[in-house]
Each structure stands twice: as C-alpha cells, then as structure tokens.
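According to TrEMBL, the protein carries these features:
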DOMAIN    24-179  domain 'C-CAP/cofactor C-like'
BINDING   Gln115, Gln116, Phe117, Arg118  GTP binding site
Amino acid sequence: MGCILSCLKKNNGQMPLEETTEEPKVYSWDKRDRSRASDFIIDGKKGETVIKHVGSVNGEQIVIQNCQDSSIYVFDHIATVNVDDCINCNIFLGPIKSSVFIRDCKQCRVVVACQQFRTRDCFQIDTFLLCGTQPIIESSSRMKFACYRYYYSQLDSHFKSAGLSIFNNNWSNIHDFTPVPGEDLNFSYLPVDSKVEDLVPVPQGEEIESMQIKTDENNSVVPMTWGKRTKLSRESCLLVFFNDGGSGERALKFLHSIKSHDANCILVQTKEVSMGPEDARRVFGSDSYVKAVQQGPVIGIQMNGDNCVSLCQSVILELMKGTTGLVFVSQSVAAAETQIDNFYSFAEMQMGI
C-alpha cells in the first residue's frame with residue numbers, strides 16, 4: 001500500500017503511466033511525399049499549354065484552378081480532380097478512379113472518364129464523357145455532352161489502373177439538381193458527328209507523337225454509344241457476353257464487325273455487371289444461363305436499327321465459330337423489348353443509378 005501511495009504522490013495523485021517502447025502507428029496518408037504537392041496543382045495559367053505526361057501523376061489527386069484561355073492535358077490515371085474558376089480552357093483528363101468536380105467554370109471543353117461527374121455554378125461546358133454513375137449538374141446551364149472518344153497507347157492500362165469499365169458509361173443519363181420549371185433543359189447533347197479534336201485539339205510534340213493519339217470512333221478505347229438520344233428504329237436487340245476471360249475482347253470484336261455489316265445498326269448502351277442465378281432466371285426467363293452468370297461479370301449490349309435482331313444473330317454465329325464462349329442473343333423483336341427492359345433495369349438497380 002505504501003508503495004502505491006508514494007507512486008501516486010510522484011504523479012500528482014494519478015496512477016503511474018506504464019513505460020512503452022512501442023512505435024507510434026504510421027498511416028498510409030502519413031507516408032505520402034508532400035514535397036511534390038505542387039506538382040499536382042495547375043494554378044493561374046493564362047494562354048498556356050500544360051501537359052502531364054504518362055507516369056507523372058500515377059494515381060494522385062489533381063487540382064486545376066484560376067486558368068484562362070489555356071489547354072491542359074493529363075495523360076495518366078488520377079485519383080480525383082477538382083476544376084475551379086476556369087474560363088475558356090481545353091481540358092483532357094486521363095481515367096479518374098473516383099470523382100471530377102467542376103465548379104464556377106465557363107466556356108470550357110472537357111474530355112474525361114471517371115466514376116463520378118459533377119458540376120456546380122458552371123456555364124457552357126462541352127464534355128466528351130465516360131461516367132460510371134449518373135452525371136450530375138447543379139446550378140449550371142448550356143451544358144452539352146457526348147460519348148467519350150479517345151485513344152493513346154497507354155489509355156487501356158490507365159482505365160484498368162483507375163478501376164473503370166469501358167462498358168459502364170452513363171454519359172447521357174444526366175441528372176439536373178436545379179431544373180428551371182417551364183424553361184429549356186440546362187443540358188443537351190452535342191451533335192453525333194462532333195469531333196473531339198475540334199473542341200479539344202491534340203497537343204503537338206515529339207513525346208506526344210509517340211503516344212499515337214487518336215480521337216475517332218473506330219479507334220476509341222471506349223465504345224461510342226447513342227445514349228438517350230431518340231432511337232432511329234423501333235427494333236432493338238439484346239446481347240449478353242458471359243465471362244470466360246475473353247468476353248470483353250469478344251464484345252469489342254462484335255461491335256467492330258456489326259458496324260462493317262450495317263452502319264445503320266447503332267450501339268445504344270452497354271453495361272458490365274455481376275448477376276446471380278435468380279437474376280439470370282428473371283432476365284432471360286430460363287435456367288439456361290444460371291451457371292454462366294456465376295463465372296463473373298457479364299457484358300450487356302443493346303443494338304438498335306431495322307432488322308438488327310437477325311443481323312446480330314448472323315454476326316454472332318460467324319464470330320463464335322470455333323470458340324467455346326457463350327453469348328445470349330434476342331430471338332425476336334418482341335422478346336428483345338422485354339429482355340432489354342429486364343436487363344437494364346436490373347443493371348441500373350445494381351449500380352445504384
């Protein structure tokens with residue numbers, strides 16, 4: 001007892017603290033090299049061209065602010081991006097793992113692929129977009145959107161590093177938080193034949209040439225979708241490519257092939273999503289695909305155009321010769337309508353759209 005009392009007196013009446021040699025915990029955010037923070041802030045550029053080359057960002061956050069009459073290119077994968085108070089700028093952003101937030105900007109042109117897209121207090125922003133979720137605009141007007149179209153030699157690997165699927169693109173499914181009743185929509189779609197290079201010109205230079213940049217539909221890493229524009233035909237077809245390790249490449253090969261057969265058969269939308277046995281029964285109306293959906297995420301494709309059901313069937317038969325992969329194709333126009341509604345309603349519910 002005397003020992004405890006003497007110890008309490010030495011520590012102002014409190015129990016003595018145990019000595020410890022344990023090192024303090026170090027968290028991942030404490031390990032980041034903050035000496036390079038300025039490398040990821042593009043601030044106050046006026047009439048300049050700024051290029052971040054492959055490997056210069058490597059998944060860090062980027063801030064672009066207070067720029068005017070400038071062209072800004074980030075050819076790398078990125079964590080998140082904030083764009084603030086920019087006027088009349090061309091902006092290309094490599095694949096973004098999380099979100100891009102554009103605020104208080106006007107008369108800018110943007111090419112971006114991201115998981116989340118949001119604008120606030122913006123005016124006249126033209127965007128070529130891939131977005132994994134529903135794009136959101138708020139207190140913004142004269143916003144125009146088109147499907148993402150771009151290629152450079154490392155872009156496919158940058159999509160993988162950012163965790164983005166080229167088949168999950170909700171570019172046209174815009175949600176306006178602040179619509180004005182009785183007035184025109186605050187957003188519209190760019191013309192189908194709009195060219196990326198007319199809005200965001202490809203930069204010049206020896207290092208840029210080695211990247212083999214292309215901005216046309218045929219070479220784009222992301223398939224060009226029609227989106228929510230008015231469809232050209234009453235006939236649509238659903239195709240679902242089941243995961244076997246090569247379903248993505250097979251889906252892209254199908255899209256290139258069908259375009260060569262009939263340019264008027266258009267790609268409306270795509271989704272890559274995981275399905276369970278009950279989901280398969282509900283969407284396909286049978287047990288035939290229960291095992292197939294358990295192999296991994298499936299890729300759903302909606303085509304539209306006169307006679308597209310029979311065309312899709314013939315192209316798939318040709319494509320699948322000599323392979324062991326499995327693909328679902330609508331067997332009739334009537335069945336396709338129900339199957340498309342079932343599949344995409346399920347996919348959007350799964351993705352929280």
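Placement of Cβ uses the backbone N, Cα and C atoms for every residue, glycine included.
Remember, TrEMBL labels are computer predictions, not curated facts.
Shown on the structure are the features that TrEMBL records.
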| residue | record | Cβ contacts under 8 Å, 6 or more apart |
| --- | --- | --- |
| Gln115 | GTP binding site | Ile96, Lys97, Ser98, Ser99, Cys131, Gly132, Thr133, Ala162, Gly163, Leu164 |
| Gln116 | GTP binding site | Ser98, Ser99, Val100, Cys131, Gly132, Thr133, Ile136 |
| Phe117 | GTP binding site | Ser99, Val100, Thr127, Leu129, Cys131, Thr133, Pro135, Ile136 |
| Arg118 | GTP binding site | Ser99, Val100, Phe101, Ile102, Pro135, Ile136, Ile137, Glu138 |
Exercise. If you take the centroid of the Cβ atoms of Gln115, Gln116, Phe117, Arg118, the listed GTP site, which other residues of that chain have their Cβ within 8 Å of it?
Worked result: Ile96, Ser98, Ser99, Val100, Phe101, Cys114, Cys131, Gly132, Thr133, Pro135, Ile136
